[in-house]
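Chemist: Next up is a structure, given as structure tokens.
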Amino acid sequence: TEGPDFYIPMVNTTGVVRSPYEYPQYYLVNPAAYAVLGAYMFFLIIVGFPINFLTLYVTLEHKKLRTPLNYILLNLAVADLFMVIGGFTTTMYSSMHGYFVLGRLGCNIEGFFATLGGMISLWSLAVLAIERWVVVCKPISNFRFGENHAIMGVSLTWVMALACTVPPLVGWSRYIPEGMQCACGIDYYTRAEGYNNESFVIYMFTFHFLFPMFIIFFCYGRLLCAVKEAAAAQQESETTQRAEREVTRMVILMVIGYLVCWLPYASVAWFIFTHKGSEFGPLFMAVPSFFAKSSSIYNPIIYICMNKQFRQCMITTLFCGKNPFEGQEEDSSTKTEASSASSVSPA
């Protein structure tokens, strides 16, 4: 059922369909599902906000972490905070009422920040891949990655993300409630007059999903080949090679985490867009959508768990300047220092 600013995945034969901005949508799914949704959003908030804020705080507190190669990882944390503050809080509040209580303006705000965070994350991973490729594979001779290059990379992520999230606010496509009608996203569902949804969805999938994905896979493919060749030739010490492989595993795991979170959402959205008129329930879009939001806790967890230097700094911060595990981490510190010397470590 299509309304002026919404689309309900249900045929209104019984006359029960109501605007998701004004009435509870309990006729779509069991009311208990909204409680589960609210609890899940609360979990993402209480985990996502502290861990991303801690990522920023620890990096800013410890000078040795404030390197150009870490700028893009700070950008990832900022993007996740945008999703937590601007997206998850409104979704949790709406789920408590069973409909999107914040109205049309609130839908635009929630949809904008949630999509902005996702796009910044995707483009940050693309820029991160380019940076690693340039540093490790050295496709440009005599090139030294510096602060200006890092700032340019961060700026690129914001420009590209805004190029995807601003158009729906000014008439090229739009943000509407989706799934269980408690969160908003791009209108993949309708061909409403005056919004040119078809062209925007094609533009979004081509330039803001497939293109950065190509960059990520190309750069990491070349990086893996370079690391393998270096290990085979034993051009560097075993410790350095081990540290470089550790960094490679970290960034690859970050990409896998992103794909696990966002690929189902993108696939379902594309299916809905290319199968106009097909019947699908609210959970068909809601489950991938809310599963995708868990990406806000993937990146910092992966970064903290797989980067020994960052983990040491985090422990020092949490224990007020002391590291109770200093003896256990001594060997790890040596490996990370070797990684830093090779200009591959993200710390």
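In case you wondered, yes, glycine gets a Cβ from its N, Cα and C as well.
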Chemist: Tell me whether Asn70 and Glu229 fall on the same side of the membrane, as recorded in Swiss-Prot.
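Modeler: Topology check (Swiss-Prot): Asn70 vs Glu229, same domain name.
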Chemist: With the disulphide bonds as Swiss-Prot has them, who is the partner of Cys184, out of Cys107, Cys137, Cys261?
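Modeler: Between Cys184 and the options Cys107, Cys137, Cys261, Swiss-Prot records the bond with Cys107.
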Chemist: Please indicate, using numbers and ranges, the residues of the same chain that are 6 or more beyond the transmembrane segment (150-170) and have a C-beta under 8 Å from a C-beta there.
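Modeler: Hits for the transmembrane segment (150-170): 68-69, 71-72, 75, 79, 108, 111-112, 115-116, 119-120, 123-124, 126-127, 130-131, 186-187, 200, 204, 207-208, 212.
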Chemist: For the topological domain 'Extracellular' (171-199), DSSP counts of helix, strand and coil?
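Modeler: Taking each residue of the topological domain 'Extracellular' (171-199) in turn, the totals are 3 helix, 8 strand, 18 coil.
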Chemist: Below 8 angstroms Cβ to Cβ, which residues of this chain, lying six or more residues outside the topological domain 'Extracellular' (1-33), approach it?
Modeler: 97-101, 103-104, 107, 174, 176-178, 180-182, 187, 189-190, 192, 279-285
Chemist: Could you give the residue numbers and ranges of same-chain residues that sit at least 6 residues beyond the topological domain 'Extracellular' (94-107) on either side and whose C-beta is under 8 angstroms from one of its C-beta atoms?
Modeler: 5, 20-26, 31, 34-35, 37-38, 41, 175-177, 180-184
Chemist: So if I exclude everything within five residues of the ends of the transmembrane segment (34-58), which remaining residues of that chain have a CB under 8 angstroms from its CBs? That is, six or more out.
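Modeler: Sequence-remote neighbours of the transmembrane segment (34-58) are 26, 65, 73-74, 77-78, 80-81, 83-85, 88-89, 91-92, 95-96, 98, 180, 182, 286, 290, 293-294, 296-297, 300-301, 303-304, 310, 313-314, 317.
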Chemist: Which residue, out of the recorded positions Cys184, Lys293, shows the minimum number of other Cβ atoms inside 10 Å of its Cβ in this structure?
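Modeler: Across Cys184, Lys293, these recorded positions, the one with fewest Cβ atoms within 10 Å is Lys293.
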Chemist: Translate the DSSP assignment of Cys320 (S-palmitoyl cysteine) into the three-state scheme.
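Modeler: Where Cys320 (S-palmitoyl cysteine) sits, the three-state DSSP reduction gives coil.
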